[in-house]
4 protein chains.
Amino acid sequence: MNPPTSIGIIGKPHQELTRTTVLDLMRFLEARGIEYHLDRDTAETCEVDQWIAKNQLVKQVDLLISLGGDGTVLGVARLLVGQSTPILAVNLGRLGFLTEVKVDQIFEVLEEVLAGHYRVDHRMMLCAHVHRRGECFGSHTVLNDIVINKGALARIIELELMVNEQFVTQYRSDGLIVSTPTGSTAYNLAANGPIIHPSLTNMIITPICPHMLTNRSIVIPADGVHLSINVKSHSSDVMLTLDGQVGVGLQTDDIIHISKSDSVINMITHPNKNYYAILKEKMKWAEI
Amino acid sequence: MNPPTSIGIIGKPHQELTRTTVLDLMRFLEARGIEYHLDRDTAETCEVDQWIAKNQLVKQVDLLISLGGDGTVLGVARLLVGQSTPILAVNLGRLGFLTEVKVDQIFEVLEEVLAGHYRVDHRMMLCAHVHRRGECFGSHTVLNDIVINKGALARIIELELMVNEQFVTQYRSDGLIVSTPTGSTAYNLAANGPIIHPSLTNMIITPICPHMLTNRSIVIPADGVHLSINVKSHSSDVMLTLDGQVGVGLQTDDIIHISKSDSVINMITHPNKNYYAILKEKMKWAEI
Amino acid sequence: MNPPTSIGIIGKPHQELTRTTVLDLMRFLEARGIEYHLDRDTAETCEVDQWIAKNQLVKQVDLLISLGGDGTVLGVARLLVGQSTPILAVNLGRLGFLTEVKVDQIFEVLEEVLAGHYRVDHRMMLCAHVHRRGECFGSHTVLNDIVINKGALARIIELELMVNEQFVTQYRSDGLIVSTPTGSTAYNLAANGPIIHPSLTNMIITPICPHMLTNRSIVIPADGVHLSINVKSHSSDVMLTLDGQVGVGLQTDDIIHISKSDSVINMITHPNKNYYAILKEKMKWAEI
Amino acid sequence: MNPPTSIGIIGKPHQELTRTTVLDLMRFLEARGIEYHLDRDTAETCEVDQWIAKNQLVKQVDLLISLGGDGTVLGVARLLVGQSTPILAVNLGRLGFLTEVKVDQIFEVLEEVLAGHYRVDHRMMLCAHVHRRGECFGSHTVLNDIVINKGALARIIELELMVNEQFVTQYRSDGLIVSTPTGSTAYNLAANGPIIHPSLTNMIITPICPHMLTNRSIVIPADGVHLSINVKSHSSDVMLTLDGQVGVGLQTDDIIHISKSDSVINMITHPNKNYYAILKEKMKWAEI
């Protein structure tokens, strides 16, 4: 791979470990004469004066370092839609499915990356377009999942699922998760969905507390497939949530159209880690 | 059993089938010289002038006829806390777990009841007391379930469960259901909980989409047991829901104390139906 | 597609409906001057004198009609390994996932097929090679699933899973299912696995009653992936079952190597049916 | 409680830890002038000459010490049917649901027990009577579970469940578990059943890999309830397994009658442990 020459650093704000790690990173990069940029929140957390707005930052760098948890990576990924800039995701706390590099491995891994010795995994994303009375009023791209769910007060919501214009089923449930393979180990897993290898190009459809007991997770191809979900419920308390981070209020008869994004996210992989080792550690499969 | 001499009728409002059924019931009871009363909503639905407020009504009658679905019965049951008045629950639509008498069987069953030929099932109830900063600010009795769950925007809530002052576990989940045996076939079932025979005196604790994959439903005795659930979550969007009908906003550090109610609900059972037959029909176990 | 000129007919033996349907089929094909062959069991069921051994039959025809249930198709599919001959799968009883054509639609569909008006779905298969003390003693190709499970007397078995030489986990369970997408709606579904669209090229790994509660179904790519399952258990009662039809006794330290077969099965699809419609019907999703 | 004056010791045979622990126990008891007896296997494991046959041993002692795992306790429990002799269950390995006393706590706990300072939990048991062509040919009492399951070769078994002579459902599955509350954390848990507090008097009915997706665990009263399970399957490979330890071959049309045993098992509880603490440790609920 090409060695990066300009690096963006985005950290979880208001964390002491972010501050010290970023300051170490800055020294490391300065010593090697490599340009770097911080976004505003990260700069403020580190008491550094210079920053660039996030959406500008991502256009000026050829490597992005994400410091934090899986949530930090999800936010960075949404900024990168349409770009091929790779992400080096470092966890500041415990191992995440998206953050396989530990903070004390950062310089060792970065040396390799700066020498062009690294591999990237391509992760598919999903696009959601929300239509109300025939007009699109919102478009969102996610790395993990698109969730439609009820508020705390609503009793149940009804959602109609179509795949490529064909009616599949009507869910009466707390909600519905449409997940990427990357997102399969997030909310999908809590809702009893399967683990899907992140190299696959699939959509995973998992109902949340379905009243029809035969409703199960369905895994379908993502290429050439177009889902639409029709909000049949008359509740005023239905929400669309993107990657667990962005919320959009929904109304009866809104339709959410979901398809594979043209963009992929390029995640730099840890040379000594692999998916199954991370899975085993996160799922505690080694224990007896 | 003692034949009833004064009957209350509470129907699902704004339904044509309620109107016609109540009018038929009135004629039936008048022909037999039996006193009856309607609540306001039912009277208005039937275009009848005379009514008594619900909370008065339940004190003046020695039989309550509920016309509607399981939801109608749940509302009636909460009115009856502290009283032994039996409920004859008639379904106006499809068979419910609480409404085993069909509308076209109503007069046949009522004849038997008026002759004192009937059996009642005692159904246990649960009490919830909500404490905030050391003070109780609400007390509720339910026939089905006490649910603590997150709103559509919240990502996860953290709840700490104590049983008789002993720490059991901390849930990171969408919420938690504490159900009676009667409520086990309601929300509990959608959240993967077990079916519990309604004659048992148990509490069923079922997490909703738990992030810890080893969290399972736990069934514990209801006699002599006191649960407390501590809201650890810092979300502002946590709700307590009683029987799926009454909602109370919760805050961080609120504690919900749950124990068996001293009251039971007396449900008149259909002479030719039994629990397993209803279960088989509702769960579609006869189909192949 | 090319219109078939020689047709093989394999039916579920000892069924009156097989006999009458095959006799009707024979008349239909004779009237059109199209060559056909029966295997021995089918011929005997129909009291017909002429037959060809199954493994010869499949080489002489360019269309195979399977009459029976999903089990009949699974048997025909294993005969066809290495050949591209399409299968027209007709169900003699209730709708199956593999047998979407009903017996009373057979002639209508066959007219279209004989005119070359048909579409085939390619279904991936899996290969299992069983090794004992370093030597391969059996090789099997399946359309649905490869199952390793314990006998009725054994208490638990221990199986070690490697993917591409990497240790994934050790299962302590009643067994393990490795399923194709086609097989995902068979045994896998009963063991709580997900539904996988049959056009996908995946393997689904689902433990049967795992004692480690965090063990879940995993869906992985089938291309370029090589599974190996090591029988660690010291029980004498462990069995390998192929498509639920062929059984092979296993011993401690046997290794089962699993990879995608080079062969696919070509299933003729019903012009008016589609996967989601069949799924909805089989899963009873239309009911309320 | 009465201090015990004669103690039986039954250990897991062929274990070095059994040998050293029993020898320590013998010295401890001799020093206090307390009579003790070993069964044959334990005596041989400890190279001790004197032993009494197990079924005699249990009649001569007023305390039984079980050394091993949950399996050792299950075996001891079946010997004690009809007797009230308490069991002190010591685990020689990792914590079990039935063996809450660790080997290094044994003398401390035993001092308390010998002083009469101990509490016992009563655990209900289940009885199974197997009928073939109208005659009972076997009767068994279990502390954990009664399991009917298929062998490795059989595809599916069909079992018809009656509760108090009423038809409930027909299972098409790998098998069926009828568990006591004590057994709910054993095989039942692996088959997706709920955790039931061991003080309850319930039966838990959990199907193993049911093909009907609406089949769920059912918890019913054990008092006054009589289950019967009819083996409808035509497979020759169906087995009844008692506590995972004793197997009985079943045939088509065999009927297994199950009801609560008149006996209970008296388990000495650890003064500083409680059910929820053990549950939390075994289920790893404390971990994050």
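Just so you know, glycine gets a Cβ as well, placed from its N, Cα and C.
Annotated features in TrEMBL:
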ACT_SITE  D:Asp70  active site, proton acceptor
BINDING   D:Asp70, D:Gly71, D:Asn144, D:Asp145, D:Arg155, D:Arg172, D:Asp174, D:Gln245  NAD(+) binding site
Measure from the CA atom of D:Asp70 (active site, proton acceptor) to the CA atom of D:Asp174 (NAD(+) binding site) and give the result in Å, rounded to a whole number.
25
Which ones, of the recorded positions D:Asp70, D:Gly71, D:Asn144, D:Asp145, D:Arg172, are Cβ-proximal to chain C (under 8 Å)?
none
What is the total of other Cβ atoms whose distance to the Cβ of D:Asp145 (NAD(+) binding site) is within 10 Å?
25
Cβ packing number for the residue listed as 'active site, proton acceptor', 10 Å threshold:
23
Between D:Asp70 (active site, proton acceptor) and D:Arg172 (NAD(+) binding site), how many Å separate their Cα atoms?
30
Using DSSP with the three-state reduction, classify D:Asp70 (active site, proton acceptor) as helix, strand or coil.
helix
Just to confirm: which same-chain residues, 6+ apart in sequence, have a Cβ under 8 Å from the Cβ of D:Gln245 (NAD(+) binding site)?
D:Gly71, D:Leu74, D:Gly75, D:Arg78
Select one residue from D:Arg155, D:Arg172: among these binding-site residues, choose the one with the most other Cβ atoms within 10 Å of its Cβ.
D:Arg172
Listed binding-site residues (D:Gly71, D:Asn144, D:Asp174), ranked by Cβ neighbours within 10 Å, top entry:
D:Asn144
For NAD(+): widest Cα to Cα gap among D:Asp70, D:Gly71, D:Asn144, D:Asp145, D:Arg155, D:Arg172, D:Asp174, D:Gln245 in Å:
31
According to DSSP, collapsed to three classes, what secondary structure does D:Arg172 (NAD(+) binding site) have?
strand
